[in-house]
Structure formats: C-alpha cells, structure tokens
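**Student:** Here it is, the structure in full.
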Amino acid sequence: MLENLNLSLFSLINATPDSAPWMISLAIFIAKDLITVVPLLAVVLWLWGLTAQRQLVIKIAIALAVSLFVSWTMGHLFPHDRPFVENIGYNFLHHAADDSFPSDHGTVIFTFALAFLCWHRLWSGSLLMVLAVVIAWSRVYLGVHWPLDMLGGLLAGMIGCLSAQIIWQAMGHKLYQRLQSWYRVCFALPIRKGWVRD
C-alpha cells in the first residue's frame with residue numbers, strides 16, 4: 001500500500017520532458033543550493049548572536065548529529081533504490097545511484113526547521129519549514145527521490161530534535177560553557193577587534 005502511494009505521489013510530482021525549462025532550472029537551484037542556508041545561518045547565529053542564539057546552534061548541532069545517525073540506520077534497515085535506478089519517471093539531476101531512503105537533504109533541512117519551531121520563533125520555524133518542503137518537492141520533482149524519502153527525513157528530524165532536548169536538559173549548560181571557552185581562545189583576535197561577538 002505504501003509503495004503504491006509512493007509511486008502515485010511521485011508520478012504526480014515528477015517533472016517530464018514537457019516541463020518548462022525554467023521550472024527545471026529553478027528546481028535544480030533549490031535542490032542543490034538552498035541547503036547552504038543551514039551552515040550559513042548557524043555561523044551567523046554563533047558569531048554574532050547572543051547566548052540564546054548560540055545555545056540554539058548547539059541544540060541544532062546535536063539534533064543534526066542524532067537525526068543523521070537515525071537516517072543512516074533507517075537507510076540500512078530499509079534500503080530503497082532511487083527512482084531512476086528502477087527506471088521510473090524522469091531524472092533531471094545527476095546523482096549517485098545509492099539508497100534513497102531517507103533523504104539526507106530532507107533530514108538536514110527538516111531537522112533545522114523543526115529546531116527553529118521548537119527553540120526559536122514560530123515565524124522563523126514556519127519560514128524554514130516552507131523552505132524544507134520546497135527543497136523536498138524539488139528533489140522529487142527532479143527524479144532523485146521518492147516522496148516517502150522526504151517523510152523519512154522528517155521523521156529522523158523529529159527524533160533528532162527530541163533527543164537533542166533530552167541531551168540539552170542533561171548537560172546543555174556545561175556543554176555551552178565548554179564550547180564558549182574554546183571559542184574565546186580560537187577567536188581571541190576577532191573578538192578583541194570587535195569583528196565578532198564575545
């Protein structure tokens with residue numbers, strides 16, 4: 001039943017040779033490049049953010065570590081070929097023929113969006129969740145993922161954020177103090193110059 005649903009949704013979303021070239025180009029940009037918002041925003045929040053923003057970055061890092069491990073485990077337990085490997089649909093994005101479930105891109109961006117929903121602001125989390133859905137759509141549209149690959153990424157992200165909250169409650173303050181002290185040593189000159197926040 002799930003396989004039939006997966007195939008039906010894929011057939012509805014997947015681009016075809018008749019799709020507008022500009023749509024395919026836009027989808028390629030979204031699928032490949034928009035994920036860079038994750039490291040860029042994390043760096044900005046740490047270097048110029050207040051204590052709350054830096055703690056958010058640490059929580060996100062923990063959540064990502066857990067969710068990617070969960071994703072890796074799920075992929076080994078439930079291996080699934082990509083659509084183009086099975087000669088289903090149309091592929092418009094070069095990709096290795098490795099397992100597709102769950103999506104690494106989906107795992108990362110959904111974890112990031114869920115983290116902001118849980119620990120930052122509703123508006124920022126909602127905006128990032130829209131971005132996550134758009135990235136998920138683009139990778140199915142281009143034929144490198146199944147819809148359920150993205151659902152798997154969302155599930156991994158939920159587990160990652162829940163685990164990060166538990167870990168933070170147990171040792172978050174000590175972890176923040178340790179990382180903050182390392183940061184002050186490594187970035188002593190930029191901090192002294194006022195280029196980044198202490």
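Any Cβ shown, glycine's included, is placed from N, Cα and C.
Residues or ranges marked as topological domain 'Cytoplasmic' in Swiss-Prot (evidence: sequence analysis): 1-27, 79-120, 173-198. The transmembrane segment annotation in Swiss-Prot covers 28-48, 58-78, 121-143, 150-172. Annotated topological domain 'Periplasmic' per Swiss-Prot: 49-57, 144-149, in sequence order.
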**Student:** Near the topological domain 'Cytoplasmic' (1-27), which same-chain residues lie under 8 Å Cβ to Cβ, leaving out any that are not at least 6 residues past its ends?
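**Tutor:** Answer is 83, 88-90, 92, 137-138, 140-143, 146-148.
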**Student:** By DSSP, what is the split of the topological domain 'Cytoplasmic' (1-27) into helix, strand and coil residues?
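**Tutor:** The breakdown for the topological domain 'Cytoplasmic' (1-27) reads 19 helix, 0 strand, 8 coil.
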**Student:** Tally the residues of the topological domain 'Cytoplasmic' (79-120) by DSSP class, grouping H, G and I as helix, E and B as strand, and everything else as coil.
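**Tutor:** DSSP composition of the topological domain 'Cytoplasmic' (79-120): 16 helix, 0 strand, 26 coil.
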**Student:** Per DSSP, what is the residue count of the topological domain 'Periplasmic' (49-57) in each of helix, strand and coil?
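**Tutor:** Split by secondary structure, the topological domain 'Periplasmic' (49-57) comes out as 7 helix, 0 strand, 2 coil.
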**Student:** The topological domain 'Periplasmic' (49-57): which same-chain residues, six or more beyond its ends, come within Cβ distance under 8 Å?
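**Tutor:** Long-range Cβ neighbours of the topological domain 'Periplasmic' (49-57): 42, 115-116, 119-120, 168, 172, 176, 179-180, 197.
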**Student:** Under 8 Å between C-beta atoms and at least six residues away from its ends: which parts of the chain pack against the topological domain 'Periplasmic' (144-149)?
**Tutor:** 2, 5-6, 9-10, 13, 31, 80, 82-84, 91, 93, 95, 100-103, 106, 136
**Student:** How does the model score the topological domain 'Periplasmic' (144-149) in terms of mean pLDDT?
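**Tutor:** Mean pLDDT, the topological domain 'Periplasmic' (144-149): 95.
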**Student:** Going along the chain, which residues at least six beyond the ends of the topological domain 'Cytoplasmic' (79-120) come within the CB cut-off of under 8 Å?
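**Tutor:** Apart from its flanks, the topological domain 'Cytoplasmic' (79-120) reaches 7, 10-11, 14-17, 24, 27-28, 31-32, 35, 37-38, 41, 56, 59-60, 63-64, 67-68, 70-71, 126, 128-129, 131-132, 135-136, 139, 142-146, 148-158, 160-161, 164-165.
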